[in-house]
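Sequence annotations record features per position, and here TrEMBL assigns transmembrane segment to 34-57, 129-149, 169-188, 200-221, 233-257, 264-284, 290-308.
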Amino acid sequence: MTAYLSLGVLVLQTTSLVLTMRYSRTLKEDGPRYLASSAVVSAEVLKIFACTLLVFIENNFSVQLLKEEIVNKPVETMKLAIPAVIYTLQNNLLYVALSNLDAATYQVTYQLKILTTALFSVSMLGKRLGFYQWLSLLFLMAGVTLVQWPTESEGDSEQKILSASSQFVGLMAVLMACVSSGFAGVYFEKILKETKQSVWVRNIQLGLFGFVFGFVGMIVYDGQKVRQSGMFQGYNTITCTVVALQALGGLVIAVVIKYADNILKGFATSLSIIVSTLISYFLLEDFNPTGVFFLGAVLVIAATFLYSSERKPASSST
């Protein structure tokens, strides 16, 4: 029950994040646009604060647990450095992708992370996927592709705006994010399921490294802009919402990985794409569903049930 509840929250969080992040990167305002690297750092700080508060509440506001698990166990803490640097890279890449690709191309291509996650799960965790699970992955890819298939009018208008060079940069950013997402997610899952440490403690460790790597990256790539206009230049209500949703996503994903697995997390993300498309149609009125869309939606839903039905007997570790 906890697994599916967390998956539902993840669908809601991912849907909101995609819509607000896309809007924030295309919104035209007076003054400089907010720095993606700054948003990544801010999200890590917020996540650390939230996890620390949860640990305090669980332990009657005692700092003893944090000292024992983080300070007194440096080897265990250092294990989180690898996924932290990869997650930091991935988060920055997604901002790059959404700044250079149209929404349809971005969302379809980013679903390649489901296949990379499956491959890393098999190779790193020793999971064995049954025939129907592999088939469900193919159904999922086909379904999401059909759902997000751009119409001619959308394609023509987007092509007029986006240059070939920016599209290439965006495409490379998405492909790198897919590989990094699959590896970091499975690595983090392996750490969570091999130790008895609290999920929130692990997220504090992950967030500390993420903050350090993110801050260094911000200074290296946007140091001049930070010195000129400050770290929080261009921040507004939408920016703060994006930061909050990104921080929440890290917490929800940790719970999903703990009680479900990364591939099922991928399905939840794919379902959120359908929800995002529906919101675009009913609220934003910038999408007209076709027969291809409905066919893709049926394939995604069928793939979800197909994977889940064989999940218990087929995903045992070797």
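Any Cβ shown, glycine's included, is placed from N, Cα and C.
What TrEMBL says about a protein is an automatic prediction, not a curated fact.
Counted over residue pairs separated by six or more positions, the transmembrane segment (34-57) shares at least 3 Cβ pairs under 8 angstroms with the transmembrane segment (200-221), which defines the two as touching. Here the transmembrane segment (200-221) has Cβ contacts under 8 Å with residues 35, 37-38, 40-41, 44-45, 47-48, 51-52, 54-55, 58, 65-66, 69-70, 76-77, 80-81, 83-85, 87-88, 91-92, 188, 191-192, 231, 250-251, 254 of the same chain, all six or more residues outside its ends.
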